[in-house]
Amino acid sequence: MDFLLLLLLLASSALAGLASWTVSRPETVQGIKGSCLIIPCTFGFPANVEVPHGITAIWYYDYSGKRLVVSHSRNPKVVENHFQGRALLLGQAEQRTCSLLLKDLQPQDSGSYNFRFEISEGNRWSDVKGTVVTVTEVPSVPTIALPAKLHEGMEVDFNCSTPYVCPTEPVNLQWQGQDPTRSVTSHLQKLEPSGTSHMETLHMALSWQDHGRILSCQVSAAERRMQKEIHLQVQHAPKGVEILFSHSGRNVLPGDLVTLSCQVNSSNPQVSSVQWVKDGTKLKDQKRVLQLRRAAWADAGVYTCQAGNAVGSSVSPPVSLHVFMAEVQVSPVGSILENQTVTLACNTPKEAPSELRYSWCKNHALLEGSHSRTLRLHSVTRADSGFYFCEVQNARGRERSPPVSVVVSHPPLTPDLTAFPETQAGLVGILQCSVVSEPPATLVLSHGGLISASTSGEGDHSPRFSVASAPNSLRLEIQDLGPTDSGEYMCSASSSLGNASSTLDFHANAARLLISPAAEVVEGQAVTLSCRSSLSLMPDTRFSWYLNGALILEGPSSSLLLPAASSTDAGSYHCRAQNSHSTSGPSPPAVLTVLRAPRQPVFTAQLDPDTAGAGAGRQGLLLCRVDSDPPAQLQLLHRGRVVASSLSWGGGCCTCGGCFQRMKVTKAPNLLRVEIRDPALEDEGVYLCEASSALGNASASATLDAQATVLVITPSHTLQEGIEANLTCNVSREASGPANFSWFRDGALWAQGPLDTVTLLPVSRTDAALYACRIVTEAGAGLSTPVALNVLYPPDPPKLSALLDVDQGHTAVFVCTVDSHPLAQLALFRGEHLLAASSALRLPPRGRLQAKASANSLQLEVRDLSLGDSGSYHCEATNILGSANTSLTFQVRGAWVRVSPSPELQEGQAVVLSCQVPIGVLEGTSYRWYRDGQPLQESTSATLRFAAITLSQAGAYHCQAQASGSATTDLAAPVSLHVTYAPRQATLTTLMDSGLGRLGLLLCRVNSDPPAQLRLLHGSRLVASTLQGVEELAGSSPRLQVATAPNTLRLEIHNAVLEDEGVYTCEATNTLGQTLASAALDAQAMRVQVWPNATVQEGQLVNLTRLVWTTHLAQLTYTWYRDQQQLPGAAHSILLPNVTVTDAASYRCGILIPGQALRLSRPVALDVLYAPRRLRLTHLLESRGGQLAVVLCTVDSRPAAQLTLSHAGRLLASSTAASVPNTLRLELWEPRPSDEGLYSCSARSPLGQANTSLELRLEGVQVALAPSATVPEGAPVTVTCEDPAARPPTLYVWYHNSRWLQEGSAASLSFPAATRAHAGAYTCQVQDAQGTRISQPAALHILYAPRDAVLSSFWDSRASPMAVVQCTVDSEPPAEMTLSHDGKVLATSQGVHGLAVGTGHVQVARNALQLRVQNVPSRDKDTYVCMDRNSLGSVSTMGQLQPEGVHVVAEPGLDVPEGTALNLSCRLPSGPGHIGNSTFAWFRNGRQLHTESVPTFTFTHVARAQAGLYHCQAELPAGAATSAPVLLRVLYPPKTPTMTVFVEPEGGIQGILDCRVDSEPLASLTLHLGSRLVASSQPQAAPAKPHIRVSASPNALRVDMEELKPSDQGEYVCSASNALGSASAATYFGTRALHRLHLFQHLLWFLGLLASLLFLLLGLGVWYAWRRGNFHKLRMGEYSVEMVSRKETTQMSTDQEEVTGIGDDAGSVNQAAFDPAHLCENTQSVKSTV
């Protein structure tokens, strides 16, 4: 439809041109490859031109050149093949339209297109100018038009246009980034001869939120896209204004530094004004940050901030500031009288939160139940006087108000008048009167109606009187007491509110009791009590002693001695003296206090009986009491954690802050009570109560069973058989982690698993039992109280039995029992006659029939049996679930012996034998008893009793009864009594004869009837038994011989070996019980033999040999152990040729038998003695004040060395037998400068001696920082130099960061307002007459808000474009940094939040944040904002990312393996482009390599030597440009490692093994000894040993062995590996190398000595030749020599032929003698003249 409209437009345009020959078409048209385009075209001609045969329309391509036909309306065949099917003429020529549609565009279609139309001969027209068509590969960037200025609320149109129009394949324009709820889009296509275009319009109503918004318009055609972005700059008033509170989440305390920051989310332009308002009143401060340096009461209120700019302003939401503090207001104000009501209000500043909780304390004691804001004291008394304060608390903390004093005025109470004489310094009497009164009372002391003293000053001013007074106190001291001073004294107290008085009868001759050494002593200490009196000592003087008012002693001694005071001696003592003339008054009481250590605490842990049971409301009680004076400090521990303590935690008046909410702690002297509400599983277990005081400690434990584990049976505890039952273990616990449940039935383990429920389906009678459950968690375990499960079922068939009871008379007992639940009702019948029933027992109490009923049992006793009692008896059982019955026939028989309780007896039982006849007992009947056929003469009654039967009384008993006057006897059948007993007195004896036969003997014996079965076990293996035949036991092993007898078992082991060792157990069992006896057999089959002795001196030869007797020698594995550590190898012996202290250990050999545990021999301790060594002398100084100096001397020596410590040649201390071995400690309290100097320590033992010394210097000078070492900027700071030893005049020299600052007599530096420049280390130097002393540096830290923020950026384009944005700031404490881009947070100092483009990597350092962003377009100039904030304030800065300049790009990368091809390209900002006549210079490590005209530097095979820093310099027509350097890393596998061995030359005790390798990247190094990993460059990869120290550095691994043990010697292999390969090397490390080194040194010494000898001989020969030469020169006429040349050798013939060299000087002689070339030259003959 749109296309038809376009054609109509073209047609209308054609009508306008009818008046002339014209062609209208655009000058240019653009298209995209693969798409299409339209050239809109209209033409016209004069109206007078006739059209006889129509109009021919023709389009040409390159009309002025090739003139190719594109379209022909009459003859399509002439169209060029290139345009066939792709060019289409739109419209009809008769309508004057000539538009051309060109499809499937190709770049070759670019060029000029011309239109020609032909009407007839002579009427033709061609458009010569034509239309230029441009076809590109990708679309051009669309054009966006927008207003120059944008502001909030404005409605604006954004037009996005493109020149591409294609009707067949639409060209799409699309807006992105807008808010669809506030915007609409519309589009418009233009297709006119004047030109073609496509426009998309975005209509938006702007909001402040659109500021910074990125809008993009994207054109898409032919599957290709191109877009353009615009960044909106919308002007608006500040938005999102809010206040950031520095104390968010915590309380603002008085004096805190509070910071309020006015934060603005968005503002354009920037905020220009800030106005702070508090409680509606404007503040003077107009900065973004409002600081309250010391928060106070007046600072509380509601704060708002108003931020404005040129557009407008906005106000933040109000923020309430509450200063967390309190003060107490007392009402009424002024004097408070008794019985008044006093109100104390706990006031807080404004904006106090509603969740505040209040507590009140009086005199630092918590007032229970007072938790409201006001405390009301009704009808106050003097007891209410005191200091009160309130405590406010919320979830963030607690704060206490200043205390206020409440004073209750009241009249004077009865005065306290006391008197005592003082006899130590003459006769002095002291009278003391004190009273409780408010206001203070006036005190008057009178005697005999006369005023002796008063607080007002009136009274008798006798020179013997001395008066002292204080508020509410008066003291009178009377010198030279006399009889007139005795009598009644009165003390009167008066005030404006009332009067009071008291009297005292004073005796001037009263005694005085003194306690020595003190009135308070420690238990066990001796105490002396002395009685002093004014009486003259006479022979008849006697002293009476009283304790707590009771007379305890009377005698002539004036002293009472308690040799060892105990707690029973504590109390109130007084004494009295008397003689024949007079009696003294009683002494004032004196209290003796005996201090004692805590006794054993009485500790109970239980549930409160009132709340015990399952469910909520339970309460656990822990109560610990102790007897201690002084009171002990108590603390309760549970699983090693302190849960309560009598000490105050936190210093508050309330209960300890460390207790959790369910726990309440009550404290009293020597008592600690803990209440646990709703105790959980974690609260159960053993608690320990510890009592401690300065005199000792004691403890007691108790177990708390909180019943946190409860077993519940549903649907009920009582169920009918066949119903389902669920057993659930309900556990009250705090943790919710995994748990394991164990189920117990009748005390035995029944089931286990993770489920807390067990189901019985269906339940049966066998399930009836007592059940319990147990939970096991990480926090602990808990066992429930057993619960009984009752199962109901109908009666089974009853069991009916008849027994002859011989208890009383001829009696039969019928017993009917049944199994049923609930219990059954039983009834017993003879025939149809009911005899007895369990429900109705109506039989006569003394009748012949007696019935007894119990649960499911009915017993009928029939006495005086007769034949009529014979017959059929049956029993019926009935309950609610059913019934059953059974019957039997009973026949009465003759006389018998009745035995009670049974003929089968256990030893010690009581037994009664009765002789019974069926007709009953007649009077006068005689009885005789027989045992084993022998009459018992001692028994003639009808009964025979044994109170406790013994084995000797067992046998066959019968009785004979004969009635009086009858000749016949009734003889009973014999009854046999058998006495049995359980096994007892079992013994197992083991004996070992280690002689030649190595015989082991085991003998087991026991007493038992019936005889016990004896079993002898070796471990769990049965080796002998009384049930086996002798032949069978003997055949089991030829070395074993077994012998058996009743209750006896004997085992002989011949040739005992290792396998026979172990624990043997003898079990003795019969029907009455069992007993065990165990014994260990030590066959002594394995032991360690030490030669020459187990105690040797260091350096001796020691041999340890194992001896073993075994039958499986080939199957055994032998091991050696040293201090429980297994040694490598399985040698028969260990040879220590040169034993060292490291060999001192416990040795034992072990044998491992297949299938059995390891067996070890008895350990043998090898003790190595050595002389003192490693002598160390150290000192420690107290860190603060220098009050204590400790000098410590330690040594390594065996036997322990005698240590002596001396100072300046003077012996100070020496070790004794009671000292810690090899340690001597000297403590110097309050050290003085004279204590400084050289200290020497000497260690002596029988094997040697060692000495060392130490210079002691005292650090008495210190720097103190007040108020703290860390203060905010602007706060006052004082730096003080403290030197206790300073003596005036003193000079103080100050240094700041090691630089001189000032000097003078002032010991302090004061900074009224600290700045950053004041931060640093301060040191002071003190100079006085004693010398110069200097302190250690003390660091001062200054806190300040962020400032000097810098945002910088650069490009890192080594492989792909990467932008680096870096933000730095100056801040203390370090700032929290946020980096954002166009309003979106990219990264913070906590990590990456989100990136607008690419993937980012964040690097964080102190006050520095760096963001690396990949794939950022180099034209990106968007703004980055960095916000820095700490607790003191914030600052922000912004910057733009500058376009990228010349840079180096590496392909395939900058980290390449060795041998790889590599290209380094010098990229220009505009890309490869046209480089013209540019040249490129390349540099490596700053040195120029070469210059080329191409921007690429090629490496065919890169080598490791070519690694380094590269950069390029481009010489362009516009000038030179240099890139940033890039680092090229060449990667290669490790080379063969280099291993170096160092061994201590003196003895090989210490050694170093060093392994190094060359590789890139760094290699991972490992060091192996055989298969054992010794060291690795990876941390904690190898197990650390105490004597091995491993240090790793890049491509290096070093092992230091302080003690080179035999197990550490051998072939070491060093392996190096990285991602490209690995390599290894091996070397020997041990004393063998040291031995070879010694041999090599000896060889060198020998060769050197030999060479020296040869040189000496050669020198002597040269000297001898020289002397001979000179001698010949002196003998003129005998020899003459003519020199031919310098290089010739002269040969002389004499009687003795000699070869000598003659030259100008002696040097030529040496050359001839030592240079072999001279010996090889051709000699020439010369003439000699004699």
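Cβ coordinates are placed from backbone N, Cα and C, and glycine is handled just like the others.
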**Study point:** Record Swiss-Prot, residue C773, disulfide partner from C729, C816
**Key:** C729
Review point. Considering the candidates C41, C160, which is the cysteine that Swiss-Prot reports in a disulfide bond with C98?
Key: C41
Study note, to complete from the structure: Feature N-linked glycosylation site (Swiss-Prot), candidate list N159, N730, N1093, assigned to N730
Point to revise | Among C959, C1066, cysteine joined to C1004 by disulfide in Swiss-Prot | key: C1066
Practice item. Regarding the disulphide bond with C875, report which of C816, C959 Swiss-Prot records as its partner. Key: C816
**Study point:** N-linked glycosylation site per Swiss-Prot (candidates: N697, N726)
**Key:** N726
Study note, to complete from the structure: Swiss-Prot lists as N-linked glycosylation site, out of N740, N1138, N1251, residue N1138
Review point. Relative to the Cβ position of G122 (N-acetylneuraminate binding site), how many further Cβ atoms are located within 10 Å?
Key: 7
Review point. What's the CA-CA gap between N1103 (N-linked glycosylation site) and R116 (N-acetylneuraminate binding site) in angstrom, rounded?
Key: 123
Revision key, fill the gap. Taking every pair from Y63, R116, G122, N123, R124, W125, S126 (the record's N-acetylneuraminate binders), the biggest C-alpha distance in Å rounds to 20
Study note, to complete from the structure: Among Y63, N123, W125, i.e. the binding-site residues, the one with its Cα nearest that of N726 (N-linked glycosylation site) is Y63
**Study point:** Among N339, N730, N1138, which are recorded as glycosylation sites, the nearest neighbour of N123 (N-acetylneuraminate binding site) by Cα
**Key:** N730
Check your understanding: So, do the domain 'Ig-like C2-type 3' (317-405) and the domain 'Ig-like C2-type 6' (601-705) meet, by the test of 3 or more Cβ pairs under 8 Å (sequence gap 6 or more)?
Key -> yes
Revision key, fill the gap. Under a three-state DSSP reduction, the secondary structure at N339 (N-linked glycosylation site) is coil
Revision key, fill the gap. The glycosylation sites listed are N339, N499, N730, N1138; by CA-CA distance, the one closest to S126 (N-acetylneuraminate binding site) is N730
Check your understanding: Quick one: do the domain 'Ig-like C2-type 7' (708-790) and the domain 'Ig-like C2-type 5' (511-593) have at least 3 Cβ pairs under 8 Å, skipping pairs fewer than 6 apart in sequence?
Key -> no
Study note, to complete from the structure: Here the Cα-Cα span from N1138 (N-linked glycosylation site) to W125 (N-acetylneuraminate binding site), rounded to a whole number of angstrom, reaches 124
Practice item. Return the single residue from the binding-site residues list (R116, R124) that has the minimum number of other CB atoms within 10 Å. Key: R124
Review point. In sequence order, which same-chain residues at least six apart have a C-beta under 8 angstroms from Y63 (N-acetylneuraminate binding site)?
Key: S112, Y113, N114, S126, V128, G130
**Study point:** the domain 'Ig-like C2-type 8' (798-893) - residue tally per DSSP class, helix then strand then coil
**Key:** 3 helix, 56 strand, 37 coil
Exercise for review: State which of the following recorded positions has the fewest other Cβ atoms within 10 Å around its Cβ: N123, N726.
Suggested key: N726
Point to revise | Number of Cβ atoms other than its own within 10 Å, given for N339 (N-linked glycosylation site) | key: 10
